[in-house]
Every structure is written in C-alpha cells, then in structure tokens.
C-alpha cells in the first residue's frame, strides 16, 4: 500500500543513485564559505530542528569560482510537503482533493509514488521548504557576516538574496518535455493554431497558463472590432452615425468578451483543480514578511506578527504622497510634450519640407519613449514602497503592487489623450496621437521583448559552449555523496546565464494599456483593434519562445483566476462608455440634431442619460451571463455532495448514534 511505503521509510534519507536535483541555488563569487556551509546545514537539518530536511549536492566551478547547490528531496519528503501544503491532486473519483499521506492510495497515480508528483509540483514544494527555513533566537547573524543581523522569524534564504550572498534560486528545466512543448507552441507554423494550454499548465503552472489563455482569448476577441475597423477604413461611408455605431458595438463587445472569459476561466480552474479558494487566514505568510514571532490565531502555527496599524500608517503616510508626486510628474511630462509639439507644428508651418514633416512626428515618438522610461523608474519606486509596507500574504502584496502600477500607468499613458479629447477637443489630433502612441509602444515592445532577448540568448549559448570546451575540470564538494551528471551540469551552467522571468505582471500591464487604447477612444481611431490584433498574434509566439528558450524556468504558482486584472479590465470597459459617449456628444453633426434653443446644461444631461442607458445595457448583459457554465456548476455540486457522503460514511463508521448521544438520567 502507498501509505505503508511512506510510513516505513525514514524521511530525507536515500541512496546517492536516487538523488534527483530539481532546484539550483547559485551563490555569488564573493560569498564566504562559512555562510554557504551554514545554509547547506540548515537545508539538510531535520524539520524538528528547524531545517528543511532536503538533499543537497554542492558543485564549485573552477572557471568562475561559482558555487552551485543542487537541491532535491526524497519521494517521502516531497509527499509530506505536498500534504503540508494542501496540494490538490486527482482523487479516485476523478475530482481534485487536498492530498493526504494517510489517504495516498486513493489518489490517481499513487501506484508509482516516485512519479505521482509532477516535476513542477516537486520544485514548488522544495521552494516552499527552502523559504520556510527561518532564523531563530540562536541565529544572531549569518556566519562569516557578523554585520548582517538575523531576526527571529525572518526567512534565511530571502536574507541571503537581499544581501547578494546568493544571486538566484531557480528550478531546472525538463529539456525533453520543453522541446515537445516548444515544437507545438512557438513555432510559426502553429501561429494560427490553438495554444497547448493544458501542457503549459502542466509545465509552468496555473498562473502562467492563465496568462497565455487570457492573451489568446483576448486576441481572438479582437477579430470582430478589427474587421469592422478595416471595413470603415476602406469604405467612404460618411455619416454622423458611423462612429456612434462602432463605439456602441465595441462597448457591448468588450462586455461580452470579459463575461465569456470568466466562463472560460471557470472551466480551466475546474479542469486544473484550482476552483476552491483557501481562506486567507489559513494562507501562510510570504517569505519576506517580517515581525515578532507569534502564532496564527486560526492554525496555531508560529509565524511573524506585524501590527496592522503600522502598515496602514506607512501606506497613507508615505505611499500615497509618493504616488501623488509621481502622478504630478506624469502630468508635467505631458505638458512638456505638447510644448514640443507646438514648436514642431510651428516649424512645419514656416517650412513644409520633408525634413520638417519628420520633425512633426518626432515629439510623439519621444513622448512614447519617455513614457516607458518614467514607467520603469516609477516601477522601481513602487516595488520599494510595496516591500516597505510589509504585506502578510502574497496575494495582498501582488494586488497592492498591481494597483500602484495601474494607477500610474493609466495616468502616464492616457492623460495626454484625455487632454486632447476633452480640453483641446481636436479629433484629428486625437486620432493621430492615439495611433502614434499605440504603434510606437508596440514596435518598441516587440523589439525589446522578442528581438533583443533572442540575440542575447544566441550570444550567451555560444559563450557558454566555448567556455565549457576550455574548462572541462570541475571540482565537486559532496555534502550528501550525490553525484551530479555532467550533462546536467552543462545544462545548469547554460541556465544560470539565462534571464530571470519576472512574472506575468508586465505582460498583463501591456495588455491592459493596449485594451485602453483600443476601447477608450473607439470612435476616434477604429483601426486600433487591427494594430492590437497584429501585435498580439506575434506576442503570443514571442512570449512562448522566451518562456522556452530565453528565461530560466519559473516556479509554478497556483491561481484560480487572473486576480485584480479582471477588475482592472472591467473598469476600463466602464470608463470607455463615458469617454465614447462624451466624444460622440461633442461631434458637431450630432449637436445639429438637437433643438437650437437647448441650453448647454440640458445638452450635457441628454448625453449623460444616453451614457447611463448604455451602462445599464452593459450591466444587464454582464448580469444575465453566468460567470460559471452550467455544467461546471453541476460538477461542483456533485463533488460537494460526494464529499458530504464520504464524510457521513466515515463518521458513521466510528460508532453508533447511541455511543455519542447524551444518556437520559435514570429514575
């Protein structure tokens, strides 16, 4: 039986032939040996003594004096970690349940416990156990670094990273699986085929798979507005209803897209077993969360405790003023752009040469570049503020960071469009400015995200191959007497030179801004959807190529939806109703339809009424389309019913009713 095997083997001990490295810890060349040996001891120590109880093999490379830790774990240790993390696995009835060691034999695939957990799940468990090793009262500082103090409850591995003692922690790629995945994912012959979402989820985890699923779904949803935009472009139909029809269609279509995505999202999360959301009170604190050691009021487990009032004070006392300052900076950058544009316009009016025609569009291109530069600077500031706020949960940390970025990027990227549309009220300038911003940012994005990483990847691979030919001698220091295959060492050396994947945040933010360009000012530039569609078709494959060839493998993360981004896209779609109604209302042809003696106030009231009617239709569409498909609701109800039956059967088997019912007193 599976459980008998687990219980009969001592955790954490296995022969060297069974050692399977899964995660790499890379130290900087200046790291002191005492600090390395202490961390290795912590990782190997038993859980009872505050260690991770993992297997570690150390390799020191002669050519660059880098120390690498190859970290793995026995099958029994990894299964225990899956149990402690409440990892969802498929049960015998085909539904997902939290894995339990004592019930392991009832889970699908438990006949072979060595392959029961996927490679991504094993790596996720190892990362969790590494980050869970925290400093105690007996650990005043890092050995060899007396000036680097340790505080009880602080994650040791995060302290090493923050002080650059180690450079990175990353999971090893599965070359064979990655080749098969890449062959059907990023190759251009599959450019118009459906992405292998389930295979992406298996290898990279739920969070990354949901990003690519959303990107693909959004790209397909751009087809109808793109087709209408092309028809508008090639036809000569001129009417005051032209922009109004296109805008109303886009607004309703954006709602249908977001509602359809929620349904598809529900299907994916059910298929992957991520539908159930664990309460935040049970969720473990992030590794970087710090505070005095206390106890979780629900689980009773020891964990850092940090007063909520301090976090609130930091947010309102420091974060809000700093963010407000940067919003003012964005506003003045926008004013600077219009000043330069006015100079360029004047120069062109005085001398309408080809050179000055190029100068005419130069301020917009410069402004698009400055937007990117300012965004990058602000992102660094926002991250430091978010770290300083000391959020307990990773989900809370991510959401606060997303809100900071969305707020600034929205102002930084769209404030000039609002200025042109509603202050200058120049539709021709709005159209050209929107087109220039959208196209310039997409071209810069494609160069930065596709061409540059590819060139650097080819160069790094050539350098590593040449280096390994010259230096074939490798000094191995075995703490656990585990040999590391030479082929694996070559693979890991190549992966250490790869870029680290920073997560899906930048990719979602890029889509969010693009969504705003397409729908906020639909009536001004119908071809925006066409440019977005062309960009996204290549974006899917370039992002896939980077995941397989350019970036190190990221740790798999569990997710049931796209989080705060869903709300961000819905807010944009609501704002799009307001902006498009206002643009149509300012159209001189539309104003001619109104009575000549109508007051400006009544004019505004009429268009506010129209806007509210469209919003009502939009919300009605969202309300009457269920977020979860009927078949998923039925399956979830069936799972809940089966769980209740199983619990009832288990409870009834422990004794009859009279054994626990209160006895009546005798006369």
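Just so you know, glycine gets a Cβ as well, placed from its N, Cα and C.
Given the structure is predicted, the values throughout are model-derived calculations rather than measurements.
Per TrEMBL, the features are as follows:
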type	residues	note
DOMAIN	200-638	domain 'Anoctamin transmembrane'
TRANSMEM	208-234	transmembrane segment
TRANSMEM	240-261	transmembrane segment
TRANSMEM	315-340	transmembrane segment
TRANSMEM	360-381	transmembrane segment
TRANSMEM	401-422	transmembrane segment
TRANSMEM	434-456	transmembrane segment
TRANSMEM	515-534	transmembrane segment
TRANSMEM	562-583	transmembrane segment
TRANSMEM	604-625	transmembrane segment
Chain residues outside the transmembrane segment (360-381) and at least six past its termini with a C-beta under 8 angstroms from it: 322, 326, 329-330, 333-334, 337, 340-341, 343-345, 347-348, 405, 408-409, 412-413, 416, 432-433, 436-437, 440-441, 444
Among the ranges 401-422, 515-534, 604-625, the one whose Cβ pairs under 8 Å to the transmembrane segment (562-583) are most numerous: 515-534
Leading contact stretch, 240-261, 315-340, 515-534, 604-625 vs the transmembrane segment (208-234) - CB distance under 8 Å: 515-534
